Amino acid sequence: MPELPEVETTLRGIAPHIEGKTVEAVILRQLKLRWQINPDLGEILSGRQVLSCGRRAKYLIVRFQTGILLIHLGMSGSLRIFTPSDGRIGRPDRHDHVDIVFSDGTVMRYRDPRKFGAILWYEGIEERHPLLEKLGPEPLSEAFCTDYLYAGLKAQKRAVKLALMDNTVVVGVGNIYANESLFRAGISPHRPANRLKKKECAVLVETVKAVLQRAIETGGSTLRDFVDSDGKSGYFQQEYTVYGRHNQPCLRCGGLVVKETLGQRGTFYCTNCQK
């Protein structure tokens, strides 16, 4: 599933190509995603100019003067950009569900083999969208700090990994990056969240920020379907220290990395290095 680094990579890829441009047409090949696409989306968007693009958690936001297009990549989604300078727009296949065509010939194509993503039109106040209004702080923002995390975990008895992946605590830290952050911070994913000391919260905050920033720099992780707006794979998976390394030697102590299920997600950790 695309997590925050993959969504941020996508944002940085599409924004320069569509900001300030006017939608000419929308081609809908498949309406049934996680939530059905409005069949009138083409009529709604045609003639509207993109003011800006942004991201909140794992949601991409395309802003117009009187509304936003909210895009979620789901389990396997990606956005590709085709420009007139490419010479030829790639021929769509059965997984290419939506094309947004701009007046200068640029095309933004949504691809989603598993169809768990979403493309939603909304004309209300952005921050009050039901999918956005209860989200926690961005992990790379100043709001996600030691004091915030320490206070937020005090009343939580559940495993710290589950708390870290809760979007009401902090957004965008999915399974891959939760595993990587906890390993690098030396904290067991099973530790009750309210047992973390303040200095451990400080280390964890710093580690989460560093892991996510590095993942963005390397274009995110491509394990199956994810590609950026140019169709290129990310390569942060080459830097994994624990995720996907069960029964392999720990890179710190040489012991075997363990894989268990926690909250229905694969959890990788070293019993020696993480306490």
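Every residue gets a Cβ built from N, Cα and C, even glycine.
Feature annotations, courtesy of Swiss-Prot:
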| type | residues | note |
| --- | --- | --- |
| ACT_SITE | Pro2 | active site, schiff-base intermediate with DNA |
| ACT_SITE | Glu3 | active site, proton donor |
| ACT_SITE | Lys58 | active site, proton donor |
| ACT_SITE | Arg265 | active site, proton donor |
| BINDING | His95, Arg114 | DNA binding site |
| ZN_FING | 241-275 | zinc finger |
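Ranking the active-site residues Lys58, Arg265 by how many Cβ atoms sit within 10 Å of each one's Cβ puts Lys58 at the top.
Using a 10 angstroms CA-CA radius around Glu3 (active site, proton donor), the recorded positions that qualify from Lys58, His95, Arg114, Arg265 are Lys58. Cα distances from Arg265 (active site, proton donor) to the recorded positions Pro2, Lys58, His95, Arg114 are smallest for Pro2. The residues of the zinc finger (241-275), classed with DSSP into helix (H, G, I), strand (E, B) and coil, number 0 helix, 12 strand, 23 coil.
The C-beta environment of Pro2 (active site, schiff-base intermediate with DNA), restricted to residues of the same chain at least 6 apart in sequence and closer than 8 Å, consists of Thr10, Lys58, Leu73, Gly74, Gly77, Ser78, Gly220, Phe226. Around His95 (DNA binding site), the same-chain residues at least 6 positions away in sequence with a Cβ under 8 Å from its Cβ are Arg111, Asp112, Pro113.
Ranking the recorded positions Glu3, Arg114 by how many Cβ atoms sit within 10 Å of each one's Cβ puts Glu3 at the top. Model confidence over the zinc finger (241-275) is summarised by a mean pLDDT of 97.
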